[in-house]
Amino acid sequence: MFDFTVNAVTMAMSAEGTSIFRPLYWLFGKCMEFLLSALSNEYFIAIIIFTVVTRLILLPVNLHQQKTTAKTARLTPKIQKIQKKYPDPKDRNKMNQEMQDLYQREGHNPMQMGCGPMIFQLVFLMGIVGIIYYPLSYIIGISNIGDYSDSLTAFLEEVGYSGNYLQLGILENWVAYKDQLISQMPELFTAERVAAIDAFRDGMYLGGLDMTAIPHWRDGEIVLIPIFSLITSLASTVISMLIQKKTNPAMQQQTASMIIMMLMMPFFSFYIAFKVPAAVGFYWIISNVVAMLQQLFITKFFPPKKSQAKLMVENTIYRRSREENLKKTKA
């Protein structure tokens, strides 16, 4: 589901020059530039390292989210009992008040299950998306490329490029049309920038495959990128669903339509993988694999039952402390 969110946001983004994420792209671009420099422009190794590091940074957020989910799951029977106690809509205020009292006694804030963790993760992933889709601006550092967007778009249309991503289109057609681009826009493609693009472009090959190319069914081995993107996305979705059901019993009540919708999202990513350069699909594969490993790691070393047992102890300590404070206040 999360990869679908990233894909949807990516497609909905406005032109790179007006994106509110530009400062984030700049920061992530500098980090990627450092990695590429240290790895002799090995782009795909840099993507793997960058993805792993960002996932590790997000690990505390995911652990906190699991802890909150476990606490909510533990309170679910009590919440359902309160809801059954007030079936009449007229008693909605009484029900809400009793639920608030329950949350206060248990030291639980249901708002922690809100959009905060998701937004935090989305910001990080948007940073990665930005440097993948706009490498000329944020990795190579061609800050004024937006001033030439109309000319570059017209040029790519002339050479038959049908993709929607301007900078990736330039990279895909760089080898064949470099001299033509330099002659038409010498102010943009200076000697220093051309050398930087050449070095970056050389690192965009993976096992002999040109990863700036948009995959097609008849293109041979490169079609494996969308296929593996689908497989890893499906696996990540299924593992996530199974873990959530163990962590939160309420998830077992998911309707068939919700399950089908979650499983359809990887197929949507599969479709998009044939519309973008293979490098984007490669990132999705790495992201899916790292996400699966992270989920399995959390489940192995921070199992739901252990989290719930720990929460029960913490809750007992919290209640006793609260009772002692109330006694002192009354005294």
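Glycine too: its Cβ is placed from the backbone N, Cα and C atoms.
The shown structure was predicted, so the numbers you read here are calculated from the model rather than taken from an experiment.
The domain 'Membrane insertase YidC/Oxa/ALB C-terminal' feature in TrEMBL is assigned to 43-300. Sequence annotations record features per position, and here TrEMBL assigns transmembrane segment to 43-61, 119-140, 222-243, 255-274, 280-302.
Taking every listed stretch (43-61, 119-140, 222-243, 255-274) in turn, the largest tally of C-beta pairs under 8 A with the transmembrane segment (280-302) is reached by 222-243. Note on the transmembrane segment (119-140): residues 2, 5-6, 9-10, 16, 19, 21, 24-29, 32-33, 36, 47, 50-51, 54, 57-58, 61, 146, 165, 167-168, 170-171, 193, 196-197, 200, 279-280, 283, 287 of its chain, located 6 or more positions outside it, place their CB under 8 angstroms from a CB of the stretch. Averaged across the domain 'Membrane insertase YidC/Oxa/ALB C-terminal' (43-300), the predicted model reaches a pLDDT of 82.
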